[in-house]
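To start, the structure under review is shown below, and the notes come after it.
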Amino acid sequence: MTKIEKVGSFESKITVYVVVCWVLAACGGLMFGYDIGISGGVTAMDDFLIKFFPAVYQRKLRAKEDNYCKYDNQYLQLFTSSLYLAALISSFAASKMCSKLGRKPTIFVASAFFLCGSLLSAAAQRIWMIILARVLLGVGVGFGNEAVPLFLSEIAPVQHRGAVNILFQLFITIGILFANLVNYGASKIHPWGWRLSLGLASLPAAFLFVGSVVIIETPASLVERNQESQGLSTLKKIRGVEDVDAEFEHIKMACEAAREVKDPFKTLMKRSSMPPLIIGVMMQVFQQFTGINAIMFYAPVLFQTVGFKNDASLLSSVITGLVNVFSTLVSIYGVDRVGRRKLLLQACVQMFISQTAIGAILLVHLKGSNSLDEGLAGLVVVLVCLFVMSFAWSWGPLGWLIPSETFPLEIRTSGFACAVSSNMLFTFIIAQAFLSMMCHMRAFIFFFFAAWIVAMGLFVLFLLPETKNVPIDAMVERVWKQHPVWKRFMDDYDGKEDVKNVGMII
């Protein structure tokens, strides 16, 4: 029997079924990670460039190509970034579906779009087909990234909420690693290796499809949609105990408060909603301006730029992918022990040093058409790994965790939709602009991201409250109303005061 844990007045134990639900839902992260990791490797494959981007391929063949500019092509960048533009737009539709139909069907829809997009991308014959496939995948990302983190936060006991939510980020890193391994193998298969890389996205999509059928709906979503008896039975099932009456009463009270909000997006604009909204949006903006996706999207391109050949650059990407996965495990262990703020602040220091050092090496030693010597190129790989390592236990998982746990139930789906759409907007901007920025800013692009990391550290230091072991329903009373800055915004909050000491998660 699993040990029964008690937090506040609520009991729970971890059962096999609830762990299966966590893992299957987190497969949404697997799909998202595969999409992140696959694009950079595919755009480095000559067969893919010859098929869709011959001008870029010809530029690669020039004897004295400019290291920083050889991949600068707006259509090539659109191949990567179109996914995120579609995800941005679709996240608002996903928010509505999450509220009206529940988290489970929203995840199902995400898996269907993922499957369609992956199959079309593998079969593409024209550039418009490859872009359309990326758009379909983007809609899947919009629906999946809206529903999965909410599902994980709502189904987890409060004492394990951070670790459970970070499963989403862990599966993102596994997806990136899987994509890097696939790219490494597929790059040796001519001329259709790129089709294999893109088509294998159907595997994580199929896992998510199965998961969307097997998982259970969250109690909060069921009660919010007036399915109280089903919500009670679901709560007993996921908690593994029969005595859930007290917790269920608190869920009902929070849902009653949520039902009183007729227009959640209008409520989101109230002064008292600004603290979680600003935190949620800025966490997503800063997550992208660490420069992580620029590195993960284009890792093979980046390593080719500093002098690695194609196979070696893809292998270096696999190494960074492994670092990404294992470092995320550090976050799962530490987030509910060390806390959110300490992980974020430590990472800012490590990421700043890494980005600055990479920029300095490239500024001094990498000119327009030369390569770094073997020792310096290896040092760049080590620095990239140190950067990825610190991101993976901090801004990567916590960028999704913190917005999913800080919004009150009445604005949770709308607030999280704003956070997700902000992530996708700035991911789109970085993906669309990075290769052009690298061409024009050259090594200074790494100093650009380092400056953002300084701003992020100051933001955490002065504006981000600690939410470790704070139940979602207690955020207003125990976090926002106590914070020296954000308490000034809470004078018009009219939420239910009688749920302020809830020892649970909704």
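One is the number of the first residue shown, and numbering goes on along the chain from there.
Glycine too: its Cβ is placed from the backbone N, Cα and C atoms.
As recorded in TrEMBL, the features of this protein are as follows:
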type: DOMAIN; residues: 21-468; note: domain 'Major facilitator superfamily (MFS) profile'
type: TRANSMEM; residues: 14-34; note: transmembrane segment
type: TRANSMEM; residues: 75-94; note: transmembrane segment
type: TRANSMEM; residues: 106-124; note: transmembrane segment
type: TRANSMEM; residues: 130-152; note: transmembrane segment
type: TRANSMEM; residues: 164-186; note: transmembrane segment
type: TRANSMEM; residues: 192-216; note: transmembrane segment
type: TRANSMEM; residues: 277-301; note: transmembrane segment
type: TRANSMEM; residues: 313-336; note: transmembrane segment
type: TRANSMEM; residues: 343-364; note: transmembrane segment
type: TRANSMEM; residues: 376-402; note: transmembrane segment
type: TRANSMEM; residues: 414-435; note: transmembrane segment
type: TRANSMEM; residues: 441-464; note: transmembrane segment
Proximity of the transmembrane segment (343-364) to the transmembrane segment (441-464), 3+ C-beta pairs under 8 angstroms: yes
Recorded stretch that, among 75-94, 164-186, 313-336, has the most CB pairs under 8 Å to the transmembrane segment (414-435): 75-94
Most Cβ pairs under 8 Å with the transmembrane segment (130-152), selected from 14-34, 75-94, 164-186, 192-216: 75-94
Stretch of maximal Cβ-Cβ contact with the transmembrane segment (164-186) [cut-off: under 8 Å; candidates 14-34, 75-94, 192-216, 376-402, 441-464]: 14-34
Chain residues in Cβ proximity to the transmembrane segment (376-402) (below 8 Å; excluding those fewer than six residues from its ends, i.e. six or more beyond): 145, 149, 153, 161-162, 165-166, 168-170, 172-173, 279-280, 283-284, 286-287, 290-292, 295-296, 299, 302-303, 306-308, 316, 319-320, 323-325, 327-328, 330-332, 334-335, 340, 343-344, 346-348, 350-351, 353-355, 357-358, 361-362, 365, 423, 456, 464, 467
Beyond the flanks of the transmembrane segment (441-464) by 6 or more, those residues with Cβ under 8 Å of it: 68, 278-279, 282, 286, 289-291, 294, 340-341, 344-345, 348-349, 351-352, 355-356, 358-360, 362-363, 366, 395, 402, 434, 485-486
Remote residues contacting the transmembrane segment (106-124) - C-beta distance under 8 A, at least 6 residues beyond either end: 25, 28, 31, 94, 97-98, 130, 132-144, 146-148, 151, 195-196, 198-202, 204-206, 208-209, 211-213, 215
Tertiary contacts of the transmembrane segment (192-216) (same chain, 6+ residues out, Cβ under 8 Å): 20-21, 23-25, 27-28, 30-31, 34-35, 38, 41-42, 45, 47-48, 51, 104-105, 107-108, 110-112, 114-115, 117-119, 121-124, 133, 137, 140, 144, 151, 155, 175, 178-179, 182-183, 185-186, 234, 237-238
